[in-house]
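The ATP binding site annotation in Swiss-Prot covers His15, Asp164, Ala165, Lys166, Arg230, Phe231, Asp239, Arg245, Lys246, Ala262, Lys266. Among the features that Swiss-Prot reports, Mg(2+) binding site is placed at Asp17. Taken from Swiss-Prot, the feature K(+) binding site covers Glu43. Taken from Swiss-Prot, the feature L-methionine binding site applies to Glu56, Gln99, Asp239, Lys270, supported by sequence analysis. Residues or ranges marked as region 'Flexible loop' by Swiss-Prot on the basis of sequence analysis: 99-109.
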Amino acid sequence: MPHQLFTSESVSEGHPDKIADQISDAVLDAILIQDPKARVACETYVKTGMVIVGGEITTSAWVDIEEITRCTLAEIGYVHSDMGFDAHSCAVLSAIGKQSPDINQGVDRIDPLDQGAGDQGMMFGYATNETDVLMPAPITYSHRLVKRQSEMRKIGQLPWLRPDAKSQITFKYDKGYAVAIDTIVFSTQHEEDVTQKQLEEAVMEEIIKPVIPTQWLSSSTKYFINPTGRFVIGGPMGDCGLTGRKIIVDTYGGMARHGGGAFSGKDPSKVDRSAAYAARYVAKNIVAAGLADRCEIQISYAIGVANPTSIMLETFGTEKITIQKIMSLIHQHFDLRPYGLIKMLDLLKPIYRATAAYGHFGRDVFPWEATDKAELLREQAGLNQ
């Protein structure tokens, strides 16, 4: 097979869609602190000078949505009208309703283990051994670039940076393995008086070089840094932002399939979120155990029904034991019923705001990134002999 090129992108916490995701998840976290059993589906819209927070929330908690919104915007860095958005002066509108009782009766049960899925749908999880975090290289390094931009901005190393930024990396693959970087694209919002030459040099020296391993780079690697030559108007002034519009950035950068459901603003009774996390947990432990080099899992559910309607496993010919044996180990060691996976991954804690920028996967601070079952899986697969 000839060389193939594969591209993934990421966006910073100051991107309009990511602002919306972070506000939705900040509201969710604030509610879970008081009421872990709350039902939350929180959507956010941001545009110049305005934030609208809406959705369906059923809870005994009271949270100050306006204060949460302003604090989130300030933490991201939108604190002055010069940036086109100011946390302190923007309008914040709330339009919150309650979850339908028709859904409640399908989800809530006397025995928690019988808790039904909050909706139908299919979710995917994926892992690959091509990076240290068992994630695809293109999305991993795309995330790290925009995360580095945020760090340089917040510590004042590059004080002319502004919150909105995007990255995109094209990797060259040979026989399914990443071998080199073909192209790096990086665009960052900046103050008006910064020259293109000054910006290009700073981005290369302070953002790209510290993040990208030299073994991926060569004299033929192409760089496009702020290729339009100007990125002063950005954030919500440049584009409106909506919760749930960056689902490929949130997951595997297009390297794996996606069921279509967004994550942010949803409590873990919504399998769009919790089952996608569980699928990643299963796939990562399979790869960490050495049962396969690459692994993709699909799980599907019916609303109000506890047990998955299907589980699919794809290892792309990299499996070290039979697919049937791996499937047997999944059924034996992973409870993929809605309550089972919530308990397995301890998902009722207020951990979601941190997921809403720089990827839900590939960062070890999250419980679904643990590889605590890998040794057991390896032993029962007979690979320790």
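Every residue gets a Cβ built from N, Cα and C, even glycine.
Long-range Cβ proximity for Lys266 (ATP binding site), meaning a same-chain Cβ under 8 A and a gap of 6 or more residues, is found for Leu28, Val40, Ala41, Cys42, Asp272, Arg273. Close to Glu56 (L-methionine binding site), meaning Cα to Cα within 10 A, are none of the binding-site residues out of His15, Ala165, Arg230, Asp239, Lys246. Cα-Cα distances to Asp239 (ATP binding site) place Asp17 within 10 Å, out of the binding-site residues Asp17, Glu43, Lys270. The closest partner of Arg230 (ATP binding site) among the binding-site residues, by CA position, is Asp17; the full candidate set was Asp17, Glu43, Lys270. Cα spacing between Ala165 (ATP binding site) and Asp17 (Mg(2+) binding site): 12 Å, rounded to the nearest whole number. Of the recorded residues, the residue listed as 'Mg(2+) binding site' and Lys246 (ATP binding site) place their C-alpha atoms 7 Å from one another. Ala165 (ATP binding site) counts 29 other C-beta atoms within 10 Å of its own C-beta, drawing on all protein chains shown. In this structure, Asp239 (ATP binding site) belongs to neither helix nor strand by DSSP; it is coil.
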